[in-house]
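Visitor: After the structure tokens below, expect a handful of questions from me.
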Amino acid sequence: MKSLKKFALGMAVAGLAATAAAAETVKIAYIDPLSGPFAATGTNGLHQYQFAADTLVNERGGVLDGQMFEIVAFDNKISPKESLIQLQVAIDQGIRYVVQGNSSGVANALTDAIAKHNDRNPDDRVLFLNYSAVDPALTNDKCNFWHFRFDAHADMKMDALTDVIAENEDIKKIYVIGQDYSFGKAVASAAVRMLTAKRPDIEIVGNELHPIGNVQDFTPYARKVVSSGADAMITGNWGSDMLGLGKAVIENGFSGPIYTYYAAADGITAAFGETGVGSLKLVAEGGNNPPSKPEAQEYVRAFKEKHPDGNISQSRITNVVQMLAMAIDDAGTATDVVQVANALEGMEFTDSLWSDNPMVMRPDDHQLIQEVHIYGHVPVEAPFDFDNSGYGLKYENSIVNAGADLPTTCEMERP
Amino acid sequence: MSLFIVNILDGLVTGLLLFMLCSGLTLIFSMMGVLNFAHASFYMLGAYFAYQISMFTGFWAGLIVAPIIVGVMGALIERYGLRRVHQYGHVPELIFTFGLALLIEEFVQFFWGRQQVPYNPPEALDFTAFAIAGNTFPAYKVFMIFMAIALFLVLLYILTRTRVGMTIQAALSYPETVQNLGHNVPMVFMGVFGVGTAMAGLAGVIAGPVMGTFPGMAFTLGAIVFVCIVVGGLGSLWGALVASLLIGWMQTFAASYNLRMEDLLIWLGFEKPTLMWESAWQDLWTLTLPQVGPILPYLFMVIVLVVRPQGLFGKRET
Amino acid sequence: MTAAAIELRNLNKSFGLAKIIQDVNLEITKGERHAIIGPNGAGKSTLFNLITGKYAPTTGQVLLHGQDVSGKKPFEINRMGLSRSFQITNIFHKMTVFENVRCGLLWSMGYKYNFWTMVNGQRELTRRTDEILEQINLTKRRDMLAGALAYAEQRALEIGITIAGGADIIMLDEPCAGMSHSETDLIVDLIRKVTEEKTLVVVEHDMGVIFDLADRISVLVYGEIIETDTPERVRASKAVQEAYLGTTLEEEAS
Amino acid sequence: MSTPSTNPLTAGTSRLVPLNHALPWIIAAVALFLLPVIFDSRAALTIMNQMAITIVFALAYNMLLGQGGMLSFGHAVYMGLGGFFSMHVLNWMSDDPWLPLPVLPIFGGFFGLLFAFLIGWFSTRRAGTTFAMISLGVGQLVASLSIIIVIFFGGEEGISGNRTDMLPFFGWDFGQQQEVYYLTAVWLLIAALGMYLYSRTPMGRLANAVRDNEERAEFLGYSQRNVRWISFCASGFFAGIAGALFAINFEILTEENLNLATSGSILLVTFLGGVGFFIGPIIGAIVFTLLQTVLSLHTEIWALYVGILFVATVMFFPFGLTGLLALHVMPWKLGKIGYLVKPYAKMAVPTLAFILSTAAVLEILFHARHAGRGDNEMTIYWWLTFDSHSPLPMIIGLVIAGVSAYALVKLAPGLKAAWDEATHMGEAGK
């Protein structure tokens, strides 16, 4: 009966639900889109995780007494439903760490489900390491003890962005445009709020939302931006909405800076090419291109050697991997996630690759406080360019401890 | 006013592009009774083939060759796929084209990946044709307008001046007469399907550089094309033209003018809630026209179908 | 006196400019077997469709038992006790013969849009269905798919479905079309059997059938009734002969 | 007009059912009860729950497509709205619950029914293309509105709730997957039985009649529109139940539950299984869920395989996988199923070889095009490891595919002959 059970189990979940995690590896579930329209971003992220785990942890002897990191990929097809199914599969495999980043919708579903799961199943709790979903609510109203965010959230980035805009006396009029969903709205309201506070003289000449993923031709929007006489534009768009909007605006004669969150990599840099130079700005954490430290340059070279079509576009991934390794070592266990979470909470970390400024995992809301940069879209020599296009991102401004003074509404409940 | 004229032109580009797809779809539907769900997928294939060809020979060769490849593919799919399914009835046919659309999307991702590919307008057309009060109009869009009109004229000529065209036209109005085409019915079907898909392919070649060439391009456009031919009236070429232009302008103008529900509600005498974010009607109050722009065609279609199931210009119901 | 089963008053129907039915007046009394004849394209089917509610009249009225039904939907007219068959076999191809007939019985037995009783468990329904199957000699084919029946059997089934609901007015559109002589005889017997004490309106090309069945005959030519009378008188009528021989065709065509 | 709001469980069961009709249901109930004993992992339970929900939804969809002949491109609306409303009911009750969780699907069903009633009012007036296009338009409208009306739909993040907030049910608070599984399984049985029994009521039969010949049905006293409308409402009711089950299982509802992709995939599921059979959608849902959740763990191009399978099904087996199985009923009844064993056994090896080698060729192509440089080594079928960039594996794959295809073509007449033999007799005159 026992063997039949094993066999049947193996058949049902085809080999994956089988044996419990082997003791010598620490498995990390990577739950992100590997098929469908966002697979490019997901696949590239997976490669970055695998490379970071191999280079930064496993080649240096692993964690504890030589346990290796293993990144296990789960395709969530960017669907909340599929993410939750894959989460269960991951937990069954004895995985205790989940990383996810693409789509705040999925992150919301996951953090909610993980909190409930940990509540209901105290024996196999799970940590959620969010490396990219920037909805402010995740570390504010919806925060919980099991969730850690390694990216600066939308408001923090906007704080940095508006600091830079405030110093630019040439900007008198600004157009804010974004996708019609929570992130787009969060960006717009933060932009208006912070600009009014920092530069009351700037006129917001446009503040609008367009349907997400459903606009075939951005020309009418571009016409409005151009005729509004705006000196600069702010958008939180990503994917084909970013590309379509940016190209249409530039092609129709807009020459001011376009401040963005996501106008790089995954084909976008290549598609903008020369047109984007001088216009596109991007706010993000991470290193310069080429990075200042030789080991970071070496890291990028080695990655591009392995994944010639990939990009090191999310340098925070190395932070996730390194900080998790540190926390496991500090806690002395990889299986008791409460101890690991306690070690992560308040951890100060100095990155060996991209930045010299220490970052800290704020205990109040599990939000990483770090340096944020405003980048410009410019020609960059290989292999530090994106999409092998000869273009990439370079520092224009840096803001240390960006958004550290933004309050949080998080009321953390600890186990 | 000048912005209005620019919007008219922009809407015309969108509308004509839609019509390039609708005309082929209408031909196929009228002749064969098949609503080809995969029609926009052939549009996507056109763009991708043209991109691939343009990497070797430049844009212009792709303009000629890509639609031909797409047309041949379409004809082969008709011959070896659709014809087989035809015997089971119309619903399986529709479902077949639905599956085909899924398959083509997967196929495109398989070969070209999931990212947008850098398919760009030719250098020769990369300049500003004219500007109206600071609003530039790219030469490539002028080219698009001329291509669409040229295609329409060629189609019109074939339909009204050639023998095969007149037969097809007869079949447009009287589907039962298709049976009287003689022993060549299968050939005519294959030909019409091939030409229809080639036209979609041509639209893809032309639109790819402007609208972006990525695996999702078929999905976003496909449903709108359906809306056009249903609104225009199934089987009516003129209806398809009118509906395409209407929807092109509808989308352009909806995106261009920030009409706000707030203004309308105040005008109607409602009082604006002081604490908007606690009002149950917040989403209604903050609604703007651009937000609902893309769903207007669907709303339009539902209303047209409820009021006039045969469409604006349609003569027959299905 | 009781109202006529069917009464047509100044009935007109045009499709665009073409006037298909012109000023038709007709009374069919209860229990009568009435036939409508006429050359091809005379508008017989259109007249049928006007009476049964498939088309709405352009002008004029259709009265059923004295009640105006013009513009009513077919199902409403059916519920008033009128049932029809079709020139082209019109049955439920993917259902069994038994189910076909049963569908005809459902409304009249008061099931309406019932979705809470198991239809197979209804003994009375099954009994009456089997009874009708017996009448139309299809008991042996009870569980076959209707689409798989032979043509003549499908025609019989068509009549079976039509009469199943117990309507007191039965309208048959060319019930014998496309049948051999022996088959026609069987069908005519069948029709006579199942329409006893009912009002029957039949369109038919086969004159033998008409004169055999009908009490009265109306002759429809180019949308107008040129004669309504007993079979003997119609046979003798000059106008009818002319219409059928086509001598006055040119005049009528204008 | 009356609407199917009675509890489907009690529908028509007052009559004694013959054992041979009840037997499949008893087997199904026992199997559903025993399944979690065999598959006890959390993932297996989640996948089985997902399957059960898809089955209910697909069966509801087939009430339209298979039984009523209505092709809908927007049926996710009714499941989704049922789910959203159930979630709101759950949240509304969470502070002061007065009902246990297992009654929640009734609310889902009710709201699915309500919206089917409202939308059906205008969409069921016509069948065919008009109906299909209205369903597409309404589907797109509702999906887009769900992004715009944040206060109800929660935007793209959706709305979530906690199922353990409702009253405990005989000591179960439904925190554990297994408890949720039994809740889902019971509702699956109730819903499936309800839909089965519905198909055997006068309305169920009339849905078929209108599908086959709407004109004829009109002349039998039935308004085709009302028949379609009622079928549509019934389908909406059961889709709403599926939506509530979704809410219970995943505790979150998002735009995904309403959009065209979901509507399209349920069409795919139903057709794959076979629209002409009651169990068709059940088989379709099981196969599709396994493909989606299990195949996607093993290959990135799973959707390509699903697409190929779907198109091949439409082309070669328009009656779906169930239709394929049903073909064997006749030889079985004739006691001639044995005739088929030998040709099947002969075909088995080349078929398997053809499928595996074709998939291998696709995988090699995909790996060669998309894997990282230096990452030339690939493994297929768990033990075959080779260099995807060298031509040899590709050639081997192509050769095996070619040879097996040739063998299949050669063996086909033998199979056909065996078929003729096996189905001969008994079916006189056909």
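One-based numbering along the chain as shown.
Placed from the backbone N, Cα and C atoms, the Cβ positions cover glycine too.
In case it's useful when we look at the structure, here is the feature table from TrEMBL:
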TRANSMEM  D:22-39  transmembrane segment
TRANSMEM  D:51-78  transmembrane segment
TRANSMEM  D:98-119  transmembrane segment
TRANSMEM  D:131-153  transmembrane segment
TRANSMEM  D:180-198  transmembrane segment
TRANSMEM  D:229-248  transmembrane segment
TRANSMEM  D:268-291  transmembrane segment
TRANSMEM  D:303-327  transmembrane segment
TRANSMEM  D:347-368  transmembrane segment
TRANSMEM  D:380-409  transmembrane segment
Visitor: Given the transmembrane segment (D:98-119), which of the listed stretches D:22-39, D:51-78, D:131-153, D:347-368 has the most Cβ pairs that are under 8 Å apart from it?
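Guide: Answer is D:51-78, with the largest number of Cβ pairs below 8 Å.
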Visitor: Thinking of Cβ pairs under 8 Å, which stretch from D:51-78, D:131-153, D:180-198, D:229-248, D:380-409 has the most of them with the transmembrane segment (D:268-291)?
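Guide: Of the candidates D:51-78, D:131-153, D:180-198, D:229-248, D:380-409, D:51-78 scores highest.
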Visitor: Spell out yes or no: are there three or more C-beta pairs under 8 angstroms between the transmembrane segment (D:229-248) and the transmembrane segment (D:51-78), with each pair 6 or more apart in sequence?
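Guide: Between the transmembrane segment (D:229-248) and the transmembrane segment (D:51-78), contact is present.
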Visitor: Could you tell me what the rest of the chain brings near the transmembrane segment (D:180-198), counting residues at least six beyond its ends with Cβ under 8 Å?
Guide: 4, 8-9, 11-13, 25, 28-29, 32-33, 35-36, 45, 48-49, 52-53, 55-56, 59-60, 63, 101-102, 105, 163, 174, 204, 234, 238, 241-242, 245, 248-249, 278, 282
Visitor: Against which stretches of its own chain does the transmembrane segment (D:131-153) lie, if we need a Cβ under 8 Å and a gap of at least six residues from its ends?
Guide: 70-77, 80-81, 84, 88, 119, 122-124, 159, 228, 255, 258-260, 263
